[in-house]
Amino acid sequence: MGLTKQYLRYVASAVFGLIGSQKGNIVFVTLRGEKGRYVAVPACEHVFIWDLRKGEKILILQGNKQEVTCLCPSPDGLHLAVGYEDGAIRIFSLLSGEGNITFNGHKAAVTSLKYDQLGGRLASGSKDTDVIIWDVINESGLYRLKGHKDAVTQALFLRERNLLVTSGKDTMVKWWDLDNQHCFKTMVGHRTEVWGLVLVSEEKRLITGAADSELRAWDIDYLQEIDDPEEPEPKKIKECPGIQDTPESEDSTLEADDEKSEDRILSCSKAGSIMREGRDRVVNLAVDKTGRILACHGTDSVLEVFCILSKAEVQKKMDKKLKKARKKARLNSANEEEDPETSVSMTLQDEILRVAKIKTSAKIKSFDLIHSPQGELKAVFLLQNNLVELYSLNASLPAPQPVRTSRITIGGHRSDVRTLSFSSDNIAVLSAAADSIKIWNRSTLQCIRTMPCEYALCSFFVPGDRQVVIGTKTGNLQLYDLASGTLLETIAAHDGALWSMSLSPDQRGFVTGGADKAVKFWDFELVTDKNSTQKRLSVKQTRTLQLDEDVLCVSYSPNQKLLAVSLLDCTVKVFYVDTLKFFLSLYGHKLPVLCMDISHDGALIATGSADRNVKIWGLDFGDCHRSLFAHDDSVMYLRFVPKSHLFFTAGKDHKIKQWDADKFEHIQTLEGHHQEIWCLAVSPSGDYVVSASHDKSLRLWERTREPLILEEEREMQREAEYEESVAKEDQPAVPGETQGDNYFTGKKTIETVKAAERIMEAIELHREETAKMKEHRAICKAAGKEVPLPVNPILMAHGNISPSAYVLETFKGIRSSELEEALLVLPFSYVPDVLTLFNEFIQTGLDVELLCRCLFFLLRIHFGQITSNQMLVPVIEKLKETTISKVRQVQDAIGFNMAGLDYLKRECEAKSEVMFFAEATSHLEEKKKKRKNRKRMILTLT
């Protein structure tokens, strides 16, 4: 066997430079008993918990690979539900930061998550148009609600009734009866997508936000209240003065007429509209926990805040209005003998008042509201430019003014990072964007310097790591001092964008290339500072090489004899540095070369192009050694690992790949970024790689000591592709359901397939062991003595348990959320054995609840085959008897426990009442004593 080249694996080390991703929503979370101080923010595949007071990241909820799209804290504040791009939902504990519960049911990104009032159920809406209700306590799905024709945008539980209301991009608002999982009402009064909805006024009013500047209000009348004869007729609210009889309002009246027969549980009628100041669509619509503050925003940077008055406040307002109207009427009819009859009508504007506007520093992506203990309204915003802002507002004042109380900025750039560099000691990392330069400590990932700059395109640390040079989009060179964090000098270098710079190997100067078709050579020099007597670093231009095309990239050879220049005409030209004479032309790319690098020994040059290819050339003759199809989109950056012929490429396909330039092999792919990668940097030691992407994140990759074998890597890649294909296969057909309609809550994943395989293996083992035991009994009978039975090593590893107990342990080991899907994949040939074993287990009273759940599901999906199988008839008869008796026993035990808990509750309440009265009497006695003491003091003074 020949020697194989050994590579070392690079792994993801950390994500930094990111405050919050744009796809998800920001929410307040309760930590350490404090409300309003901590917020959870989506950060690519993770969730960051930020302390708003200190501006620090205090907890990271680790995700897998998919991007976070939705967050929802539980009512008790102990858990956080997180929805992902692939449709998965994970529930994290905010105490430990671990995600123990995973729900897989949606086929597309999760768009909405909402807990019910007690936190026992979770409703999730998705881009796959389905709504799924999950049982959080049992860690399983309850049912899937199908009806929307486009992505679901919002789902809300009603507090007092077992109902759910959902909105979607299909312009529909649907009401669901959760007792029978049926959509009993569809509201079709919207002409555009419904982006949000809230319930206010004790759930008797629904407010919806669509793709226009209106917030529509709908009155909800519940059946029980309509049927109650003692209930007075609700007041008819007039529509806003600005709303005419539009075709939409006609539609809503037609809808009301047509749906009278459908009003089994409730009826909806349009109450009017509130006009927003923004003209674009509603992005987010929310109400605070008190139900008094309503807020919404569009695609701009303004949050509009409204106050919803209570019945008493509205009545008070109406009384004032009526009094004013009567006074006016009396003045107008002073000559008439009879008092005129006056009446006032209540409009929607009397009930919902505009309070204030909160203007943020950038476009709002999401927000959340909370009331502080002092009564102030706090609004936290996740902005488009990687920023979190907190505003406070006292809504009780006549003209409240929002005040910005906190801001998290230092942890990231406001725009995409376009250039990265490592210091010579591998410790500092420079990142530069459109408005600022940041210096990061690689070990702590903390930002240690922030300096304002122009739109940066390229950068490097000056030898000595005390200064940095930036090349900008306007063609300037900017020189910064790191110790003071100041701009030393700005030099006009090029007439167009300065696309690339390369430090000379002798470290005395550098070369720049720009869009003005020029390559310029610069030397470092010391000049006297005007503001002080000390000398400072500066640069001076020495030579210029004029070319026929825009320069995109420049690179020195390590011996400083050659200079490679990439041009807009898709070629790379190589020149002698000393004479600037032409040496080689490297042509073959179909689109311009965006990046290139020369190996440490000067033997190879690798070029990456917008045509998605990487070409490896020899620098001696300019021959192309190999052309590699590297990425699925443009190759944006290319760097050799120091002192090797290995190089990294970064592409717009969100991937970083490592290649061997000698063997022309793909070594590994570093996946993590969710959008285009703009740049990367390799540390001088080669141990670290840092990359920047359009998803605003900076990622650090670290070289481990783990050897990477290419054959194993290819095998792992094939396994991953197979697992992906298994998950994409169609669901097994269930009798009674049409093809393509899946009303079960789960979906087929590789985990459910593996769970089904574990059940099959356990049943096979049970069959084998049962046969062995029969043989063993026959041998013992023939021998007339007890012969030792060989023990199965698997059973011995589980504590020398019986084969049937091993089957039960296998069922108990399957996740609750994956149980139904695993049973759905299980072939029918194993079902008779499973039913027989279930009968044994239930008779002994083992895990009755779990086994009944499995049993009823198997009976449901294999009903036809089970009933037609004569051999299973006695088993089913026995199961019928045992399940009824054992379930009753469990029911009785639960009833007894509930009665016991009720008794304890009453005892505690009685004790607390006694304590309350005891405290009250002691307070009264203390007050009497104080009064007596005061009287004595007064008497002594007199």
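Note that Cβ sites are derived from N, Cα and C of the backbone, with glycine treated the same way.
Per Swiss-Prot, the feature repeat 'WD 1' maps to 21-60. The repeat 'WD 1' (21-60) scores a mean pLDDT of 92 in the predicted structure.
Residues or ranges marked as repeat 'WD 2' by Swiss-Prot: 63-102. With a threshold of 8 Å between CB atoms, the same-chain residues lying at least 6 positions outside the repeat 'WD 2' (63-102) that come near it are 21, 23-31, 35, 40, 42-47, 49, 108-115, 117-119, 122, 124, 126, 128, 134, 136, 139, 671-672, 674, 695, 747, 815, 817.
Residues or ranges marked as repeat 'WD 3' in Swiss-Prot: 105-144. Tertiary neighbourhood of the repeat 'WD 3' (105-144): same-chain residues 69-72, 74-76, 79, 81, 83-89, 91, 150-157, 159, 164, 166, 168, 170, 176, 178, 181, 742-747, 815-817, 819-820, selected by CB-CB distance under 8 Å and a gap of 6+ residues from either end.
Within the same chain, residues 108, 111-112, 114-117, 121, 123-131, 133, 192-199, 203, 206, 208, 210, 222, 259, 262-266, 268 sit at least 6 positions outside the repeat 'WD 4' (147-186) and bring their C-beta atoms closer than 8 Å to a C-beta of that stretch. The repeat 'WD 4' annotation in Swiss-Prot covers 147-186.
Here Swiss-Prot flags 189-228 as repeat 'WD 5'. Across the repeat 'WD 5' (189-228), DSSP classifies residues as 5 helix, 22 strand, 13 coil.
As annotated by Swiss-Prot, region 'Disordered' applies to 230-263 (among others).
Positions annotated as compositional bias 'Acidic residues' by Swiss-Prot: 247-260.
Marked as phosphoserine by Swiss-Prot: Ser249 (among others).
Residues or ranges marked as repeat 'WD 6' in Swiss-Prot: 277-316. Beyond the repeat 'WD 6' (277-316), the same-chain residues lying 6 or more positions past its ends with a Cβ under 8 Å from any Cβ of the stretch are 25, 192-193, 195-202, 207-213, 215, 346, 350-371, 377, 379, 381, 383, 393, 395.
Here Swiss-Prot flags 412-450 as repeat 'WD 7'. Counting same-chain residues at least six beyond the ends of the repeat 'WD 7' (412-450), those with a Cβ under 8 angstroms from any Cβ of the stretch are 14, 16-19, 362, 385-387, 456-461, 463, 465, 468, 470, 480, 482, 485, 678-685, 687-688, 690-694, 696, 698, 700.
Summarising the annotation, Swiss-Prot assigns repeat 'WD 8' to 452-490.
Residues or ranges marked as SUMO2 cross-link by Swiss-Prot: Lys473. Reduced to three states, the DSSP call for Lys473 (SUMO2 cross-link) is coil.
Swiss-Prot lists 493-532 with the feature repeat 'WD 9'.
Summarising the annotation, Swiss-Prot assigns repeat 'WD 10' to 546-585. Away from its own ends, the repeat 'WD 10' (546-585) comes close to residues 496, 499-506, 511-519, 591-602, 605, 607, 609, 619, 621-622 of its chain (Cβ-Cβ under 8 Å, at least six residues beyond either end).
Among the features that Swiss-Prot reports, repeat 'WD 11' is placed at 588-629. Same-chain residues lying 6 or more positions outside the repeat 'WD 11' (588-629) and placing a CB less than 8 Å from one of its CB atoms are 552-553, 555-559, 561-562, 564, 566-572, 574, 635-640, 642-645, 647, 649, 651, 659, 661, 664, 666.
Within the chain, the repeat 'WD 12' (630-669) has long-range Cβ neighbours (under 8 A, six or more residues past its boundaries) at 5, 7, 9-10, 591, 594-600, 604, 606-610, 612-614, 616, 675-682, 684-686, 689, 691, 693, 701, 708, 710, 713. Taken from Swiss-Prot, the feature repeat 'WD 12' applies to 630-669.
Calculated from their C-alpha atoms, the gap between Lys473 (SUMO2 cross-link) and Ser725 (phosphoserine) amounts to 45 Å. The Cβ of Ser725 (phosphoserine) lies under 8 Å from no Cβ of any same-chain residue at least six residues away in sequence.
According to its DSSP assignment, Ser725 (phosphoserine) is helical. Same-chain residues lying 6 or more positions outside the repeat 'WD 8' (452-490) and placing a CB less than 8 Å from one of its CB atoms are 418-425, 428, 430, 432-437, 439, 496-501, 503, 507, 510, 512, 514-516, 522, 524, 536-539. Beyond the repeat 'WD 5' (189-228), the same-chain residues lying 6 or more positions past its ends with a Cβ under 8 Å from any Cβ of the stretch are 150, 153-154, 156, 158-161, 165, 167-173, 234, 237, 248, 251-252, 255, 263-287, 291, 294, 296, 308, 348, 351-352.
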